[in-house]
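*Asks:* One structure follows; several queries about it will come next.
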Amino acid sequence: MNGHISNHPSSFEMYPSQMNGYGSSPTFSQMDREHGSKTSAKALYEQRKNYARDSVSSVSDISQYRVEHLTTFVLDRKDAMITVDDGIRKLKLLDAKGKVWTQDMILQVDDRAVSLIDLESKNELENFPLNTIQHCQAVMHSCSYDSVLALVCKEPTQNKPDLHLFQCDEVKANLISEDIESAISDSKGGKQKRRPDALRMISNADPGIPPPPRAPAPAPPGTVTQVDVRSRVAAWSAWAADQGDFEKPRQYHEQEETPEMMAARIDRDVQILNHILDDIEFFITKLQKAAEAFSELSKRKKNKKGKRKGPGEGVLTLRAKPPPPDEFLDCFQKFKHGFNLLAKLKSHIQNPSAADLVHFLFTPLNMVVQATGGPELASSVLSPLLNKDTIDFLNYTVNGDERQLWMSLGGTWTKARAEWPKEQFIPPYVPRFRNGWEPPMLNFMGATMEQDLYQLAESVANVAEHQRKQEIKRLSTEHSSVSEYHPADGYAFSSNIYTRGSHLDQGEAAVAFKPTSNRHIDRNYEPLKTQPKKYAKSKYDFVARNNSELSVLKDDILEILDDRKQWWKVRNASGDSGFVPNNILDIVRPPESGLGRADPPYTHTIQKQRMEYGPRPADTPPAPSPPPTPAPVPVPLPPSTPAPVPVSKFPANITRQNSSSSDSGGSIVRDSQRHKQLPVDRRKSQMEEVQDELIHRLTIGRSAAQKKFHVPRQNVPVINITYDSTPEDVKTWLQSKGFNPVTVNSLGVLNGAQLFSLNKDELRTVCPEGARVYSQITVQKAALEDSSGSSELQEIMRRRQEKISAAASDSGVESFDEGSSH
């Protein structure tokens, strides 16, 4: 029910892993042996001896480890792939380009084979008999994957061996390698069994720093009863009703906002849009990887003669599985929220503009709709609704193909809140991001007020999500005859499972969420009490190794979100959250009021746009050039005439216009002329505004709006580099641009000329932020050309004149004429 209309059960089930590092399974039942034994003393002695021996055997029979499959290479001299070191070198290159796609699985070792098992279905993916394993090696701390297990396997049917690489976090690669090597040694008939001792060593090994959690810590469990559902929804509805009549036109007090307030609000919207685009990009890459794996799997099956599964097909089958339905629903919700944000930011972002980004987003939206087998699943996504401004903006912006796709998604994508029945409950939308990031609070709204409203909205959204899952569970028991999902093309959803339900059925399912017209909050509702914040100071630098961890620098002040385990979840001053080991943190006293969590400085760019698919050609005129007034944080200005943006690539930077500048009126006027066809007197409902601006525009009390809001200004000097810059200058410039330590250390050894000589692909190979570095270098080059172009031309003309004068003085008028003719 969390914005999802569903009448069909989901056939996906999650199986929690019971294997954490080391496990075992007995080989036979001791009870049967006891029943078959004689009662003589000799038999009793033999029985006890066998029991002791078999206890060791049962412990060392099977061991299981949770690992991440990184990639598989074919060892071929033609590809310069001969040794494990060659594979690690190629893994580094793939990692630098962002082309490593990990897959969680179970690696199982027994006395006959090494097997790979699907984490969810528990099906065996691959089976490598011990006699086919030619080499086993642990590679520690050689790249960003710090615990790599390498297996070289060659079956009799293969011409060339395969190199399989795994990242091992929970149990380190050197321990797993010892287990496999001992199993291989024992299988060759050695007199002394090595494996029991190896397994005892593994089970007694001190893990050192504990492994990070696989997912953020869960919220405290709460009882979600029918009364709880009604009271929470009543509280939300009462608050919404208290803000104004249902059909009352919008009476926002944006005119009372200071330029600093508006800048802070826009900054946060841009950050949210950044993370939405990142999550959509990640999901699209996931789909593309699944499609590539399915294509390779189909190719192998066509060329295969027998029915026996070939080497590597098990892992390919796992990689070809599409994402679960909940991830598709989350992606569709982020598309809708992204469109709402673009409509709000259309006057504030440029290069590319909001209209360009709309064209860009329709390309992956079309891909996701096709991957689900049609618009049915997207049509079931109710929350968040597009607001009136967004619908008008899309009507004005989209081209013919985009409009056809948009209209095919139905009323949940084309109707604003005012067009839905008043009694129709629309759950609030609280976006959750893959890396755990949460939008920073707006200080001028009052932290307590905004946090209470945010928690209320999140509580209602959680209740709606719980109700939706309960409904799916109930329907799955009633309709057990529904066929399971079997993709026809490896990543397309079966349309007979996800069909759009009628609004009548959806209304019946939401009967528990019927809002009340009462203007007062239910007195039985008790808002969540906020715990006092705790802070810690990092003693050392720590570099994150995966998406759940957080990179921190020495002396960083971090807010502690969860300290119940050995790895603490913390949030830095920029609003990013993740896990760090608790032994690098010192508890500190909370900072003074108002200084606990400052708004992060605005970066003025949406940087991470690395998707390879490009936007359709836009029908709108190009974005206006940036205003001459500098932005709040000084950055080098681009040249007056920006270079044309190629259609096949998405631009790397999105800058926003300075909304607090008095000189930006020209750009705003031009923008208003572009959108003059948009109706300006459209009425909006208050509930629509609640849906549109759930997180960061819930309310601003009139008393709070009258308070003077001060944003501390940072006098950051402008740092530029030239072709003559030293490596120290380059390092300082990289740090001033906010690049991570890996990028600074990798490129900080180059001088200005060397850095300017690198192209985008070379930069991407050197560091993960290569695309962003290239865009900043382009800006620097343009600024240098703009400032030095005229002086260089004058220098060339001066040298030419000196050469002509010298020729004239040496050879007379005739020589001068000859020089002129040339």
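Any Cβ shown, glycine's included, is placed from N, Cα and C.
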*Asks:* According to Swiss-Prot, which of these ranges is region 'Disordered': 499-534, 787-822?
*Replies:* 787-822
*Asks:* Do you know which of 151-171, 235-255, 403-423, 718-738 Swiss-Prot annotates as region 'Helix bundle 1'?
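*Replies:* Region 'Helix bundle 1', as annotated by Swiss-Prot, spans 718-738.
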*Asks:* Of 326-345, 766-785, which range does Swiss-Prot call region 'Helix bundle 4'?
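*Replies:* Checked against Swiss-Prot: region 'Helix bundle 4' maps to 766-785.
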*Asks:* From 53-71, 110-128, 585-603, 680-698, which range did Swiss-Prot mark with region 'Amphipathic helix'?
*Replies:* 680-698
*Asks:* Which residue counts does DSSP yield for the domain 'SH3' (531-590) in the helix, strand and coil classes, in that order?
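*Replies:* Tallying H, G and I as helix, E and B as strand, the rest coil: 3 helix, 28 strand, 29 coil.
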*Asks:* For THR317 (phosphothreonine), write down the residues of its own chain that are at least 6 apart in sequence and whose Cβ falls under 8 Å from its Cβ; none is a fine answer.
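*Replies:* In sequence order, the residues whose Cβ lies under 8 Å from that of THR317 (phosphothreonine) (at least 6 apart) are LEU125, ALA293, LEU297.
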*Asks:* As a quick check of your reading of DSSP, tell me how many residues in the region 'Helix bundle 3' (762-767) are helical, how many are strand and how many are coil.
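*Replies:* DSSP composition of the region 'Helix bundle 3' (762-767): 5 helix, 0 strand, 1 coil.
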